[in-house]
Every structure is written in C-alpha cells, then in structure tokens.
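Annotation source Swiss-Prot lists Zn(2+) 1 binding site at Cys66, Cys68, Cys81, Cys84, citing sequence analysis. The feature region 'Disordered' is assigned by Swiss-Prot to 328-347. If you look up Swiss-Prot, you'll see 329-346 marked as compositional bias 'Polar residues'. According to Swiss-Prot, the feature Mg(2+) binding site maps to Asp477, Asp479, Asp481, an assignment based on sequence analysis. The annotation Zn(2+) 2 binding site is assigned in Swiss-Prot to Cys825, Cys899, Cys906, Cys909.
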Amino acid sequence: MARNNDKNTVQRFNQISIGLASPESILAESRGEVLKPETINYRTHKPERDGLFCERIFGPVKDYECACGKYKRIRYKGIVCDRCGVEVTEKKVRRDRVGHINLVVPVAHIWYFRSLPNKIGYLLGLPSKKLDMIIYYERYVVIQAGNAKNEEGEPLKKMDFLTEEEYLNILDELPQENQYLDDSDPNKFIAKMGAECLIEILKRIDLDELSYELRHKANNETSKQRKTEALKRLQVVEALRDANKNRENNPEWMIMKVVPVIPPELRPLVPLDGGRFATSDLNDLYRRVIIRNNRLKRLMEIKAPEVILRNEKRMLQESVDSLFDNTRKSSAVKTDSNRPLKSLSDSLKGKQGRFRQNLLGKRVDYSARSVIVVGPELKMFECGLPKNMAAELYKPFIIRKLIERGIVKTVKSAKKIIDKKEPVVWDILENVLKGHPVLLNRAPTLHRLGIQAFQPKLIEGKAIQLHPLACTAFNADFDGDQMAVHLPLGPEAILEAQLLMLASHNILNPANGSPITVPSQDMVLGLYYMTKHKKTTKDETVIGEGLTFYSAEELVIAYNQKRVDLNAGIKIRTKDYNEEGELVYMIKDTTVGRVLFNEAVPEKAGYINEVLTKKSLREIIGKILKITSVPETSEFLDEIKGLGYGFAFRGGLSFSLGDIIIPEEKQSMIDEANEQVEGIIGNYNMGLITNNERYNQVIDIWTSTNAGLTDLAMKRIREDKQGFNSVYMMLDSGARGSKEQIRQLTGMRGLMAKPKKSNSGGGEIIENPILSNFKEGLSILEYFISTHGARKGLADTALKTADAGYLTRRLVDVSQDVIVNEDDCGTLRGVEVKPLKKNEEIVESLGERILGRISLNDVVNPSTQEHIVATNEEITEEIVAKIEAAPIESVEVRSPLTCEAKKGICIKCYGRNLATNKIVQTGEAVGVVAAQSIGEPGTQLTLRTFHVGGIAGNISEDNKLEAKFAGVAEIEDLKVVKGEAPDGGTADIVISRTAELKIKDKKTGVVLSNNNIPYGSQININDGATVKEGEVICTWDPYNGVIISEFAGKIKYENVEQGVTYQVEIDEQTGFQEKVISESRNKKLIPTLHILGKKDEVIRSYNLPVGAHLMVDNEEKIGVGKILVKIPRKSSKAGDITGGLPRVTELFEARNPSNPAVVSEIDGVVSFGKIKRGNREIIVESKLGEVKKYLVKLSNQILVQENDYVRAGMPLSDGSITPEDILNIKGPNAVQQYLVNEVQEVYRLQGVKINDKHFEVVVRQMMRKVRIVDPGDTIFLENQLVHKADFIEENNKLFGMKVIEDAGDSEKLKAGQIITPRDLRDENSILRREDKNLATARDVITATANPVLQGITRASLQTKSFISAASFQETTKVLNEAAVSGKIDYLEGLKENVIVGHRIPAGTGMRKYDSIIVGSKEEFDQMLEKKQEVNYN
C-alpha cells in the first residue's frame, strides 16, 4: 500500500486477520539476511554492507542512486547495480522493506511463555517455572522414551525432566545403535533441551485429540482444581483449533527460527555534531542478537564444548526476549544511564505507542492555531480568520485561481506572489472563501460540540474571532485560550461541514436536548436590565409611565426622543395568543424594554412578557426553535446578542463598594449566636451533653446564624434601588455570581473545613467561624484559615480533570461501536418508567423521563378510557401533556437496555435524537455521543466523598403517608393489633412488614397508586374504605423504629445484664433513665426478650440490636400492642457518602462496594441461627421449604427481625447492595435500571442534566456477555464468556439436530457427531438394507448461560475487534491472545476503521452507501430508455 501511491491501488479490504507467523512467511517477506551487527561507517556515514542498515537489503539511501554511484538519476529506475547489488529506486522503500536474521538454534517467543495465561505452558500442561527450566537450558526433557530407564530402573515417560548427569548416564546405558535409529522409530530415545526441544514436542501435539481428552477431563473430573486447570488448557487448545479454520496457525510457530528485522527508517540512526550518533534503542537490541547469533555459529563450527554452547544458546534466547519485550524480563537490558531499552512491544504500548500516537491521533496539514478574541458583530455561523492565516491555509486554492486567471504561469511564481501578499491575492481569497467553511476546535474536545464549522470572514490582526454564543459549547473564554483551525478539502467534506457541523445548526446540547447557545454574562445582564420594570417613587420619577402606544414603531420613536424610559411600565397594542390559541392583536401591560426585545422575537412565538434571566432565556430559545426553524432561531440569537451587549453598555452596569450592603443587624445576630454558644459550652462543662453533641450544636447555631444573615443581606440588596442594584441584578439574572458569593461579600464567610491529613481523620468543620466578610476585610488569622480551602480547591481541580478524562476515554471505548443500524429490532420487551421520587417528592416527572421515547404498548387513560398513544409511536410533547393529566403512574417504553439488534442499536429503541429533537436516523453514532455526554460534565463532579456535619445536611424526616389520589383503599397482608396511641388513646398498630396499600379508581378499578405501610405505624382507615386525596392513611414515629408486642404475657430478659449487654443512660431533656443495649465484649451473649404465656412457656422472642432502648422491665406484665423496644433511626448518618466521580467510576466499573449488604435470594421467613466466628447466621425459609443461610458480621446492623417475611432482593443488613446481587436475584433488567438510576443520582446532586438514554446505551454495553453454565453439545466451554448474539446463534444452529451415541456399523458416522435427523434416517435406511447394526442417536442438548455484568474496562478489552481492544489497554496481551486464536477483525466499530484509515461506518460513511451511484435525473432517464429498448428486442 505504501509503495503504490496512485489513488486506485488502495485496496478496499473489509477485514483484517492476525495469526502466528511461520518461518517461511517471514522469509517470504524479507529482502535479505542481516549478517553483521555493524550499522554505518563512522567516517563515510554510509551503511555497512550486510549490516543493520545495508542498502542491498533495504534499498538506497538517496533517491535513484545506488551505493557505489554507478547508476544515478531516474532513468535507471528498477535496475539492480552489478557492482554493489543495490536496486535503483526511491529512498522511501527503506520505510517498508524488511530483513531477517537466521537463528542458529530456535528461540521461544517471550509473549507466549512469559505473559499470563502462559500459552506454551498450557498446551504442554507445564507450570511456568518448569517451562523456564527447559527454555533456559537447565533440564533435558524426554520427547520419546524409547527403551530408556531411569536410575531406579523404571521406564521413562514422555515429558520427564532429566539433569545433565541423568541424561549422560542414560545415554551410556543405552545400546550403541540407539543413536543411529530413525527419529520416527518408537524405540529411539530422544531427549533435548531449550526451544529446539519445544518445537519437537509442539509438532507432535494433535490438537483435536488433546481437545477431546481435556473436554472429557473437564466434564468428569471430581477435584475442583483439576477441573479449572483442564478448562484453562482447553481455552488455549480451542483457540488454536478455531484459528485453523481461517488460516494455518501451528503451535510450533510460537518458537522462532527466523527473526524479522524491521525497516531501518523506523529505527533511525542520526549523526549528531561532534561525530556522535543518536540511535533508536532497537538497533542496540538487534545488534546484541546478531552478535550472539554469530558467536554461536562460530562456536558450533569449531565444535566447542557443550557447556559453552549451552550458555551461548541461553544468552541468544535472552537477547531475543529483550528485543521483543524488554519490560517482561526481571533483568531488563539497560543503557549506560540505567534506563531500560525500548523494545518492539514498548513501541506499541501506551499513550506514546504506535496505536495511540500514530494511528488514532495523527497530525494534519491545512491547520493553524491562534489565540481567540470575541467577535460581537459576527453572525452565528461566522468566525473571523486573520488574513495571513487564511492566505496560508487556502494557498492551493489561490494558486489554482491565479493560474486560471492567467496572472502567473507556474506554481512557483504563484507561491511567490502569495508570499509577497500582493493585493490581487486578497481579491482572490475573498472569492475562494465563499462557501468554503473552516472547522474550529478547542482542546480539550470533550464532546462533539468541541469542533464546529464556521464561514470565515477575513480580518486584520493575528487572532481568530469567535462568536460569543459559541463559547458555551467550546467551553471557551477569552483569557488567552487558543483554538485550532482545520480546512475541509474535498467536496464531500465541505458539504458535511456546511450541512451538519455549521455552528448555527448546533443549537441544542446532545446530552439533554436543551439549547446550548444561550446568552451568558454581559448579554444576560443587558437583557435582564432592559426587561426589568421600574416604578415611580418619591426619590425618582420614571418618564412616560402609564402611556399607551399604538405600535412598536411608535414606541421606538418615543424612546429615541427620550419621552419614555427603558424600564417604564406602559401599555401597547401587539399580537399574542388568546385562550383559543390564535394570534390576535390585544393591549398588553408591559415595559418599554420588553417591547424592544419582542421586536427580535419571531411572530409565531407570541409576545414574551417577563423579566429575562438565563433560565428563562434557555426556555424561550428552546420554544422558538420548536415553533420555527433553525435559521430563524439563529437569526433571533444574533439579534438578542446585539440587544444584550447594547443595553449592558447603556445601563452602565458595573458595581462599586457602595452596592454591597451589609445589614446593620449583623453585629446583634453575631452577639446572640455567641451567647447561645456560651450556653452550650456551659452545658457541656456541667456534663449535661457529650462533646460530640456540643460540637454538632455549635456548628448548627453558626450554620443557622449564617443562613439568617444571608437572607437578611439578600433582602436588603433586593430592596435597594427597586432591585436595580448592580450586584443584585448580576446575581438575579444568572449572569455572574451566586448566593454563596454574595454571602461572603455582605454577610460573613462562615464555617471552614479543617485541613485533612492523609485519609486518617480531619476534614471536619472548624467550630469558630470567620465572622468578617470581604467588604470589612479578614483578620490575619481568618485569612490564614481560609487559604486552606482555596488551595485545596485548585489542587482538586487539577486532579479531577485527569480522572474525568480517563473516565471519558473508557466510556468511549466501551460504547464506540454502538451505531444506529436498523429501523426496528422487533423486540417485545421494554422498561417501565415511573416518576423519580425522593422522600415522596417528585425529582423528575414521568413526562420528562418518557419524552421522545417510543411507547411499547398502547397507553389508555384509566379514567376516561381515551386512547393516548399507540404501540411503537413516539411520545411527543403533546402526548406527554395528556399522560401527565391522566392518573397514570408508569408507562412502558422501548429502551436501549432491551434492544435486540445484533449490531449496534435500532431506531425504535433509541427514540429521539436529542441534538435535533427528531427521531434518530440510521448511521448516528449514538454510543460515542452517549460517552461524551456522560464524560463531559465529569469535571464538574466533586472529586471527594463529602461530609455531612450535624443537622446542616438534615432534612426533616417524613412521618405520615397521605393518599395521592381519591379512590377506594385496598390493603394486602395487613395485620394490626390494638395498642396505645402517642396521644394516650388506643389505635390500630400495624405489625406486618409487607402491608401494601393500593388505591383504585372507583369507576374503573384501575390501580392508581401503590405504597408500603411501615411496621409499627398507626393506621387510620380500613380495607375497602373510600379515601379523599390528601387524607392521612397512617402515621409513625419518624425518629425511632419500634418492636411491638403481638401477644399479651410476661416479659423475660435473657442475657440482658447491666454493664455487660446494656448501659443505663439518662435522657438529658427529661431526666428519665433508659436501658440501652450496648455491644458486649463477650460475642456469645445475644440479648433477647422473651414473652411468656400463662404457663411460662415462651410465645415469642425478639433479638435486641445494639443501640435499642428497652421500654419494658423484666417480669413486667404487658398487653397486646405494647411498644417493647425503640431503635433510634440514625438520622443523616454522619458517615461519608461516596459521591462524585469516584462513585460514577465505581458503578461503571461494576465494582463491589467496600461494605456490601447481605441480600436475601428468596421470599421467605427470617429466623436467627448461631454466631459463627464473629458472624451472625440468618436463615430464610420459603413457603416451599427452601432454606438459605446467610452470615452477617456482628458489627453490621441487622435490618430484619425474627419471623419477618422478606422478599427476594431485600437487604438483611445495612450497607449498599452490590450490583452482582441485584443481577443474580432480580435479573438483568433490574440491575441495568439500578445502575442507570444510581449514576443519574450523582449527576443530579451536582445539578447536571443528562438524559437517561445515554446511561442506558453504556449500561447495555456492560451486559453484552453471558457466562456458559452448561455447554451441552455446543462448542463452548464451561465458564466461558461469550457474546449474547453468538450464544443464541450457536443454540439455534443445533436446534432439532441429533447426536450419534453409537455409530453401529456405519462408516460415515462417528460417536459424538452432530447431524440432522434426515441424514440419520437416510444412513440408517442404507444400513437396514444391508442388515447391519443401526446407528443410535439422542437429541442435542443446547447450552445454558447466565447474564454477566462487566465493568467498562473489562467490556472494552473483550470487544470482538482485537484492533480496538489493543489500542485501549494491555496491548501486548490482547495481540498475543488474538494471534493464537487467529482472530478476524471485521472492522465494524469506529476505532478500528480510524486505525486502518477507512471512513468510519457511521453517518455518511455507512457501508450501505458505498455501492450507491450518484448521477443526474437525465442520466437515470436515459438508462431506463436504453433498458426498455433492450426489452423490446
């Protein structure tokens, strides 16, 4: 490919296979043997003949000139010089001609015996240590035993190891003629050492036989270890057998007889001044190999003693090892400066390796970079390009035009004119630029909006001008950012840039479908200022207040004549939508500024009559884009950009110290807080409260004081100048600043965190707050305290960026081959979507979650029976409104999680493309978009786990359940007892743990809502009662969990001893004594309460968890419904919550949390077993009698009680549930939804909106594989990981086939063969005719498998494409596996195609478009006419 530079000769290959190279194939590629270790002559600087840079082997150093100089110039092209043997050709052949070294003895390839899994070792069934003994010439190995016996006189077996002594003794004992026998004679004794012995052994392996033997072993082996050993070996054997289907791939090729020498230009030797040379490390490594090989040759010729030869062979093996992979060896070859040499493997690996440096990222021509400045007068699709830069970029186009116009004759003179910058050049450049956009890119390109196309405009100066609204997408600012410019050259590229990438088309953010080109900073401030309303007060009069105008034109005249103020409230006749939704003229109360703003708004959007903030602007732009078109929206954006800047300037909205108003109540509030703190410290000193409580209370006081002060300050600043205070306007409009920052300017800086020592303690809040604010100034101590936070913030940001970048890289890698490939995969599955709630508060409504998805079933309004949406129909905004209005709790929609497309994903399962708000098209690379959408906001996530101190992070607990809809209550599984109510009367107390309340619609009987009724709650309604919306159904104690007596009787304590298993604590508010269960030293003692019946028999026992408060005394008589125990709920556990980036990584990598919960796998009743080794045993028994036992650490809180009924998937102890458990118990669907929701939660806390779709695409990729449980008659192995599609395909192939059990007298059939029933019948009928024994067969057993959840790194490394996996991580391992199994890469993903230099199979590069012929309508008509003419004949 490299040699033929004509366009036509680029082979369009569509797959690449990899395999082991045979010595013959290496020789076939090679141009000659390198015999000498010399490189170039230090005096003449010419390559030495037969050396590592030899011209005869690799080609001439100068273009068309042989080494001795006999033939020069191009006319001798292709002649081989008779004197020096060099072919006369161009020098670039030295980049692709390969040489070789013939090794005197074979050498094992380090990849196949040093890396795990050890390929050669597994084939021979040898451990790595023993294999090393063979390869490094320490032991002889018996290849063929013959008649030899060992010292004990027992016959030797194949693969026995012998020391040299033993070997010589055996040779002495054997008869003389043994060595004259032929090698194939079974009586001959053969034993060898080193790689030459391995070649012999590997050649003798019959893979099919070995495979059969190992399969038998794996199926029938009793010992676990031997079984896994057999399966591991099987994997290597099967890989080699698989490879032989596509190409020849013999195991003995893992041993090398010939070493290839890579082209000299790829390992250059550069002369430096002063007669020294800089060389590539590879040359040193090759030299060592050649020197040792030549020395060994000489020693063998002079018949040196065996010991010396053996040492030399070992050294040769080591030198070849370090050539291929220098890092694997314990003693790597080092340079003089003690740096390990870079071997061939190192040049592939890592960021600087071949894959990532040269194949995935290349440097390109026709590019420029410069600093960016703002271009406020540009249109949405324009950018300013410096003249000189443009002249250089568009040079070839200008040259062409210069020659066409006849201004110059040659290219050379054209270049001169351009370099002189003659006026005619600018004239031509203006023309060339028309319709030829450029691409602008700002690093880091975190999502696809980091590269956009603009139409260039020539400007003076040297900086690129960028449109201010494009900044958000590029994440650019003008503090010295640089951007790169690229020039699309071909007509297709230009078209794509104009139609797909033009900045004015990229208004929406692909992550969530909301506009991204939203005015920010000055623009928002100007628009906010112009639409704000000001009333006349006694201090200032507003000119023209209350006037009425006929039209906007009239108003503009009045405003220009200074007859009316910008912020004056006026009336105007204008068009807007009435109740019926028609555009009509009406009189509106509004302000002058709003009328001016509405002049820019397209008429279809109605009249916008509100104060504009950043938030409202985003909604307005989204609305306008929906109602009108992209060009109109981009025009509107340009208009409001101008308005915003103009009025920000006219308003003079800067601020001074005077605008920062400190509330005069500040001092008194601080004094009051100090008094309270003193009171608390007094309480502490008197011993009424613990140190921890004191700390929490102090922090709470300061937190609330700070909050109160902030509110006051905000109020003052809001009331100042009618809200026209500059600082307040900046904050309120969302242009700049936050409430926090205003608080630090006007209130007090507040509490600061302690510096955190390395992970041990610290990180808490210092209880003395900073009382000053920035206007007053900080004292030296206060300043010192606050520096810590500032520095930590900067350090964190730097670390975070790298982490987020790496996460994005892994995400892209796992999902890069998800492309929309088909219209409909035809699946019948989907996911059920409900509104997202937190503490009964709706975080994300049902409508938001299903918008733009495809409905799985028909949706009908349960109350009116109205048909809302059909199966496979898109849920649009209108349909969402209907669904929200109806009492529908959940909707089933199609989802990427359940898509069954073989390759990529289908349109119906993906739904709407968020970047266009239309249904996605085939060819869209949704995987990469998903990865970018998740990775891009990664830098905004917090890096650390965050700490919730005291009540600062507390939300008041909810304590009641209210009916959400009116209807009929239906309660399942309810058990109640009469008990005491908190207010003293009696009440119904719930004692069942799984009571469920359903509210049904009176007329239709459709279930409207479904809730769990908590244990211990007081219930106010009966089954079947009619409830009103908002009626309280049950209440409970929000601070304590309780255990309630179900029986009347007498209390008996067991193992409840003061000072051992419980302590007496005094409640500081009431002074009452309470018994609190504590952890006892003696782990055997389990504190238990028994309830005794009439005859002192135990009716019921309750285990008491640590921290429980006893509410009854020993021997006390109790009635039913008595509260026996209160367990304080840990309100806002002050532990650290893993949040932010680490949590996202943990979920995507499917790691198990450090303290996992124990989860029940079945529905059943709980009972407690014994304590074993510090673990409490919990037994769950199902109704069918199935029993599962679980061990829970004693330190973990147990969440269930004796005799509780638990459902599968319920946690038995506290901690987070592992994804593995969810998968095993609730199945793949549940775990996928769990992962999506958990990751969303992290982003939601940071206020980042990302559509669920993107997470679903990635999570789907994590569940591509299944693990084979029982291979049946398939080719799979037990425990093997295979793709779901392959698994289904293999099973379908076998469907209905038969397996021969006994071949009878048939010659065609073998036992174990799989054939169709028809073939079996035919064969048997032949046998029947000949009166022979018939063949018997059984039905095929198909394979069974379990779904597997893989982390994104694992999933990327196991993609089908080895090129993609190798360029990701663990390059050598991936290539090593791929070569052994002779893998074929079908180039289906994006990455593989970038690497081999093809167009990516997405978008316009989809393979189905390749065969399309583009022509004009006339040509088509002519073709049809010709065709018809032919038909008539």
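Here the Cβ of each residue, glycine as well, is placed from N, Cα and C on the backbone.
Given the structure is predicted, the values throughout are model-derived calculations rather than measurements.
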(message) On the three-state reduction of DSSP, what should I expect for Cys909 (Zn(2+) 2 binding site)?
(response) helix
(request) Around the recorded Zn(2+) 2 site, report the further residues of that chain (criterion: Cβ within 8 Å of the mean position of the Cβ atoms of Cys825, Cys899, Cys906, Cys909; site residues excluded), sequence-ordered. (result) Glu822, Asp824, Thr827, Arg894, Pro896, Thr898, Glu900, Ala901, Ile905, Ile907, Lys908, Tyr910
(request) Fewest other Cβ atoms within 10 Å: which of the binding-site residues Asp477, Asp479 wins that one? Let me know. (result) Asp479
(message) Using Cβ atoms only, which residues of the same chain lie under 8 Å from Cys81 (Zn(2+) 1 binding site) while being at least 6 residues apart in sequence?
(response) Cys66, Ala67, Cys68, Lys70, Tyr71, Glu87, Val88
(message) Could you check which of the binding-site residues Cys84, Asp477, Asp479, Asp481 is the closest Cα neighbour of Cys909 (Zn(2+) 2 binding site)?
(response) Asp477
(message) Can you give me the same-chain residues 6 or more apart in sequence from Asp481 (Mg(2+) binding site) with a CB-CB distance under 8 Å?
(response) Val371, Ile372, Arg442
(message) Taking 8 Å from the centroid of the Cβ atoms of Asp477, Asp479, Asp481 as the cut-off, which other residues in that chain fall inside it around the Mg(2+) site?
(response) Ile372, Ala476, Phe478, Gly480
(request) Provide the three-state DSSP residue tally for the region 'Disordered' (328-347): helix first, then strand, then coil. (result) 0 helix, 2 strand, 18 coil
(message) Neighbours of the Zn(2+) 1 site Cys66, Cys68, Cys81, Cys84: Cβ within 8 Å of the Cβ centroid, same chain, sequence order.
(response) Ala67, Gly69, Lys70, Tyr71, Asp82, Arg83, Gly85, Val86
(request) Check each residue in the chain of Cys899 (Zn(2+) 2 binding site) that is at least six apart in sequence and keep those whose C-beta is under 8 Å from its C-beta; list them in sequence order. (result) Cys825, Thr827, Ile905, Cys906, Cys909, Tyr910, Arg1260
(message) Between the Cα atoms of Asp477 (Mg(2+) binding site) and Cys84 (Zn(2+) 1 binding site), what distance do you get, rounded to the nearest Å?
(response) 63
(message) If you count, for each of the binding-site residues Cys66, Cys68, the other Cβ atoms lying within 10 Å of its Cβ, which residue has the minimum?
(response) Cys68
(request) Just name the winner among Cys84, Cys825, Cys909 (the binding-site residues) by count of other CB atoms within 10 A of its CB. (result) Cys909
(request) Around the Cβ of Cys906 (Zn(2+) 2 binding site), how many other Cβ atoms lie within 10 Å? Please give the count over every shown protein chain. (result) 22
(message) Roughly how many Å lie between the Cα atoms of Asp479 (Mg(2+) binding site) and Cys84 (Zn(2+) 1 binding site), rounded to a whole value?
(response) 62
